[in-house]
Amino acid sequence: MSAQIIDGKRIAAEIREEIKRETESFAAKGVRPGLAVVLVGEDPASQVYVRNKAKACEELGFYSEVHRLSAETTQEELLSLIARLNAQADINGILVQLPLPKHIEEKAVIDAIAVEKDVDGFHPVSVGNLLIGDDALQPCTPSGVIELLKRTGNAPAGKHAVVIGRSNIVGKPVSILLLREHATVTICHSRTPDLPAVVRGADIVVAAVGVPKLVKGDWVKPGAVVIDVGVNRLPDGKLCGDVDYEDVAPVAGWITPVPGGVGPMTITMLMLNTLNSAKAAHGIA
Ligand code: NAP
């Protein structure tokens, strides 16, 4: 028996269809979600991400603005652009593509984004709201993980979830979301002794480590759900996750492939955040 594949591409397409339908239904009321994407410098990977975000906006009927700034842009210039976007009524979401050039302090930039337009969910107030269980725009990759679980009949309630990784963008927020969904959550990191033994106790494993093929078949409880957030480039140019897919798939009950698992969910959840932010701005429930 081999694990059932969690098809992130299909689930992302399903959610985008829902977003598109909702967006069309608001058009008659004159409401159009708007996303501003800001790119500083010429990082090739960031350029691809920014292009994909603009394309997703177009496909869904959103208004979008892409601000491409030179690598020499000062922090003050970037902050004044953010202040402008914060005040712009046709913009519901602001995304500053990270990483930023070294002379710009990332935290100052994230802190400057209006909380109600923080579609990346990285603002400290959004993070605080997430933690205390208030309404908040949720970070995209973690909320994508939760959608993958729910939409495959693997709701986390009552399950033991083991998260490997404690970064602010994936490990910590996905742990909080799993807790909010009533899982019992264990968070592991580089100082966790006997990681395989801890992972063996999991009904749900979320790997967000950045180490290619770290999680092996004999770490996984038979039938467990394995979500691989990792995206690693191998020397031969191929992509692989943090889970040794060939080794784990025969043991797990469900597994996400890389690519085609968590990846397609991230931009989709960004679009959903932008839609929700537009609804909130127009008082639509
Ligand atoms: P990160 O900031 O580098 O954090 C990695 C975490 O893994 C840290 O908490 C680290 O522990 C832990 N870790 C490292 N080596 C370990 C080991 N051998 N055993 C146990 N824990 C270990 O990475 P990230 O930004 O969270 O990203 C993680 C992965 O997800 C990367 O491959 C990244 O490319 C991918 N990613 C994918 C998406 C997507 O859309 N699919 C989005 C974001 C990230 P310490 O805290 O102790 O150092």
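One-based numbering along the chain as shown.
Keep in mind that glycine also has a Cβ here, set from the backbone N, Cα and C atoms.
Unlike curated entries, TrEMBL annotations are predicted automatically.
Note that the structure is a prediction, hence the values are computed from the model and not measured.
For 6-120, the entry in TrEMBL reads domain 'Tetrahydrofolate dehydrogenase/cyclohydrolase catalytic'.
Under the heading domain 'Tetrahydrofolate dehydrogenase/cyclohydrolase NAD(P)-binding', TrEMBL lists 139-280. Taken together, the residues in the domain 'Tetrahydrofolate dehydrogenase/cyclohydrolase NAD(P)-binding' (139-280) have a mean pLDDT of 98 on the 0 to 100 scale.
Per TrEMBL, the feature NADP(+) binding site maps to G165, R166, S167, V231. Long-range Cβ neighbours of R166 (NADP(+) binding site) (same chain, at least 6 residues apart, Cβ-Cβ under 8 Å): K172, S175, I187, C188, H189.
Maximum intra-site Cα distance, NADP(+) binding residues G165, R166, S167, V231: 16 Å.
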